[in-house]
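Structure first, commentary second.
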Amino acid sequence: MKICLLCVGRLSIGYLREGAADFEARLQRYLPVRIVELKEEKSGKNDAEYIRRQEGRRILEKIPAGSFVIALDERGRSVSSEKLAALLERHMMESTPELTLIIGGAYGLCDEVKQRADMLMSLSEMTLTHQMARLVLLEQLYRGFTIVRNEPYHNR
């Protein structure tokens with residue numbers, strides 16, 4: 001199995017870039033991870049729905065064929081670290097070729113992306129910036145694989 005993260009926008013804050021790079025490198029020990037950064041639509045005079053649609057079009061074009069798609073959304077299903085680990089393990093056992101996780105931009109995801117997703121998942125009931133969400137997601141993926149492998153990182 002491979003993991004693809006489709007992310008709207010770049011990490012512009014140094015400590016987030018460093019943290020994300022660290023967890024991306026750690027994840028590579030378990031399976032190939034690819035992060036695709038998509039152009040963030042400028043807000044200017046554009047309304048939020050227009051921005052979501054434009055970013056959504058770019059996201060939909062980049063979803064790999066045959067991939068199981070998880071879109072991050074504030075109204076998505078909340079999962080614990082253990083449940084995420086179980087989901088990762090299930091997809092590895094079922095030989096899912098690729099798991100694609102989508103992080104929208106500042107205004108979230110358009111309905112078309114949410115409808116395309118096989119699962120909507122929430123990282124937290126609190127609002128996170130899309131840049132912070134990337135770091136949290138990478139850490140949780142790493143934590144999930146350490147749980148699956150019974151490695152000493154996650155404290156039960």
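Including glycine, each Cβ sits where the backbone N, Cα and C put it.
Because the structure is a prediction, the values reported are computed rather than measured.
The S-adenosyl-L-methionine site recorded in Swiss-Prot comprises Leu72, Leu123, Ser124, Glu125, Met126, Thr127, Leu128 together with one of Gly14, Gly19, Gly44, Gly104, namely Gly104.
Each of the binding-site residues Met126, Leu128 was assessed for Cβ neighbours inside 10 Å, and the highest tally belongs to Leu128. A sphere of 10 angstroms centred on the C-beta of Thr127 (S-adenosyl-L-methionine binding site) encloses 8 other C-beta atoms. By a simple count of nearby Cβ atoms, those within 10 Å, the most crowded of the binding-site residues Leu72, Leu123 is Leu72.
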